[in-house]
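The following features are taken from Swiss-Prot:
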- ASP158: active site, proton acceptor (ACT_SITE)
- GLN33, GLU108, ASP140, GLY141, PRO165: S-methyl-5'-thioadenosine binding site (BINDING)
- HIS64, ASP88, ASP158, CYS159, THR160, ASP161: spermidine binding site (BINDING)
- 9-238: domain 'PABS' (DOMAIN)
Amino acid sequence: MAEKKQWHETLHDQFGQYFAVDNVLYHEKTDHQDLIIFENAAFGRVMALDGVVQTTERDEFIYHEMMTHVPLLAHGHAKHVLIIGGGDGAMLREVTRHKNVESITMVEIDAGVVSFCRQYLPNHNADSYDDPRFKLVIDDGVNFVNQTSQTFDVIISDCTDPIGPGESLFTSAFYEGCKRCLNPSGIFVAQNGVCFLQQEEAIDSHRKLSHYFSDVGFYQAAIPTYYGGIMTFAWATDNDALRHLSTEIIQARFLASGLKCRYYNPAIHTAAFALPQYLQDALASQPS
């Protein structure tokens, strides 16, 4: 039997992961980054940008459920949602499940990602691009949040790692812009890497976000695709109570929403904010 081709992730120099490639569906350099979508027997369709896995069909539901339902149910009455990035459409898919949301704006820098994912990752977007509440804006996220006249109740930064096009979405200019267009008691969340291996990302985000928000923290989820353990999500708001809502309150909102999830549930919601001691210590050691 012929040996299968292997695709190796290039995020880390000294260690990493590989995927056997059963079939390359698409591989091109877009206007902004190198994009590949291939099939793997264990994880289904896999998308990578600039040598880093972004999503797989097998476990994407964990990431997208936690990035959407945690802030939306914590907020409780979000009407207007902004997604930065998210070109594969799965974040949009999860937001559209909240029937009380009135408008969903997605800002994606790379139109190529959107068009190719609509074709090759249909299970991710599940026709959510056709939702009448949805508006797509092709623009740089930093530019959008600093220029828009719109305001939002929840902002979800579905960014890549802080390299290439995603680097600007970890800057003070971006965080300041998000604060600018976030409504009172609004919530900002962002992908923040695997903290055991990328601890400096969390420390840097915490320091920068603390300049603009009174309550800054993190929550976590175990996502197999993201090598190294537990994925960390940044959380920022000026309503300190929202991070500490009881499981009972979240349970009532969850039941009222009618959501059916595969990973997220109210107990997971509240437990996700419990951080390992090494991360607590690292954050506490930083100058205020």
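In case you wondered, yes, glycine gets a Cβ from its N, Cα and C as well.
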Which number gives the other C-beta atoms within 10 angstroms of the C-beta of ASP88 (spermidine binding site), all protein chains shown included?
26
Counting other Cβ atoms within 10 Å of each residue's Cβ, which of the recorded positions GLU108, ASP140, ASP158 comes out lowest?
ASP140
Anything within 10 Å of ASP158 (active site, proton acceptor)? Look among the binding-site residues GLN33, HIS64, ASP140, comparing CA atoms, and list what you find.
HIS64
